[in-house]
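Note sheet for the following structure.
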Amino acid sequence: RFQACVYFASVFQAMSCGIHYLASVFMAVTPNFVCGIPGNVSSVLFYNSSEASLEDIWTVWTATENYIVVQLENGEIWELNQCSKAKREVSLDLAYEYKGNKSVFSCSDGFLYDDTKWKSTVVTQWDLVCDREWLAKLIQPTFMLGVLIGAVIFGDIADRLGRQRVIWFTSAGQFVFGVAVAFTSDYYSFVIVRFLLAMVSSGYLVVAFVYVTEFVGIKARTWASMHVHAFFAIGIMVVALVGFLVRTWWVYQIFLSIATLPFVLCCWMLPETPFWLLSEGRYEDAQKVINTMARWNKVSTPCKVAELYSVQHDGPVSGSTGDNDAPSAKKHNILDLFCNWYIARRTITVWLVWFTGSLGYYVFSLSSVNLGGNEYLNLFLIGAVELPCYIIACIGMDKLGRRNTLIPFLILSALICVLIMFIPQDFNVLIILANMAGKFSIGVAFGLIYLYTAELYPTIVRSLAVGSGSMMCRVGSVVAPFCVYLRSVWIFMP
């Protein structure tokens, strides 16, 4: 009973990590746009389509390399491209083709955006198009850079100061920074606040995973640890749902951040893990937590820490406060993961799996909105397909073992990537199904590596090991958005 309450309280907040990691999929959308014009429009023309306003022409205008012709109320005729505009010197009848002289201008009057899908995004808010387009493409990579740094910093802090304090700080930080993002007044403050949000979100995910792993018994650890990721996947589904319902980016961000509030209000009640308390020599504090667990679980004879440790020490340690008798005075750092060749080889192998798992996971997730069809449904399905994949992963780990489950699913995800390249582009349903299958297979490998890493290292460096693995994973997630952008070079390059 005690472990179940602690577990569900902790993993609920993992949902908000999934929310913030994928929020930019819709928040940083670049809609159709053309150069702004100095005056009111009386009529619009695109090939054979003539409309009274620009809003009516967006559904017809699909090829972004073509221009739109507009006539102003004062009689001037302009040709509007995405990053330039041309004024026709001779204003004759409104026609699409024109052979006369034109004066070309830059987009000094701003831009006109298609707001049929999104009323406002960060791209339309700060005109992150044309020569500022690269700023929009940096939004997700800079967030993932914050995730990378947060994983290392908070993983290390959790080993030094305890899991509980980091969980308190990072969960409160997710709510505060999440709401603060919605009230940023310019692009640079937006990126900085999201960078801080990324750090605390990543810190929470790493430490919460170690936290529940140390509380849950060995018998249930596989299922419990894997379903931390299930809540992350639910967060992705929430992003798709809120994105469908709310079409203004700052309102969308506030709604997503409110999801974290229930946990922030109750997370102060979570106890420290007995494993960490024992590793720090705080035996009395560990005994108090164990006694609380015993009361909740109705265990009549709780274990005595003093009896467990009397074998390893000269005398009983029941009177120890941890001030003089702490066996773990040495502070550990990342070099301890390379203390000998055997451990170093293990660390390098684990890091490689973290990197490839993350790269595949985020490329499949971020590219889902570009597959055609309904982008909200696509993202929802990409999140939903993770739920059964963790069940398969748990069964595989219990029946086949960690390694024998990891290897085939990593290979399968690579084969699906090859298969996607042979599916014709107009077969939308097949492409979406193949992407879901790819996300399923990489999801098994990616979800499994958290528990596998935690089990391969001792308590004193466990958070550090998971944190450093998560750091490598974030290197993959920083590369992933750029990998998705390579579609503009060659559609199969990702």
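Cβ coordinates are placed from backbone N, Cα and C, and glycine is handled just like the others.
Where the annotation comes from TrEMBL, it is an automatic prediction and has not been curated.
Features of the protein shown, as given by TrEMBL:
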{"type": "DOMAIN", "residues": "59-494", "note": "domain 'Major facilitator superfamily (MFS) profile'"}
{"type": "TRANSMEM", "residues": "134-154", "note": "transmembrane segment"}
{"type": "TRANSMEM", "residues": "166-185", "note": "transmembrane segment"}
{"type": "TRANSMEM", "residues": "191-212", "note": "transmembrane segment"}
{"type": "TRANSMEM", "residues": "224-244", "note": "transmembrane segment"}
{"type": "TRANSMEM", "residues": "250-270", "note": "transmembrane segment"}
{"type": "TRANSMEM", "residues": "348-364", "note": "transmembrane segment"}
{"type": "TRANSMEM", "residues": "376-393", "note": "transmembrane segment"}
{"type": "TRANSMEM", "residues": "405-423", "note": "transmembrane segment"}
{"type": "TRANSMEM", "residues": "429-452", "note": "transmembrane segment"}
{"type": "TRANSMEM", "residues": "473-493", "note": "transmembrane segment"}
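The stretches the transmembrane segment (473-493) and the transmembrane segment (348-364) are in mutual contact, each linked to the other by at least three Cβ pairs under 8 Å (pairs 6 or more apart in sequence). Within the same chain, the transmembrane segment (376-393) packs against the transmembrane segment (224-244): three or more Cβ pairs sit under 8 Å, each pair at least 6 residues apart. Residues 144, 382, 406, 410, 413, 417, 435, 438-439, 442-443, 445-446, 449, 452-453, 456, 465, 468-470, 472-477, 479-481, 483-484, 494 of the same chain sit 6 or more residues outside the transmembrane segment (348-364) yet have a Cβ under 8 Å from a Cβ within it. Most Cβ pairs within less than 8 Å of the transmembrane segment (224-244), among stretches 134-154, 250-270, 405-423, 429-452, belong to 429-452. Per-residue confidence over the domain 'Major facilitator superfamily (MFS) profile' (59-494) averages out at a pLDDT of 82.
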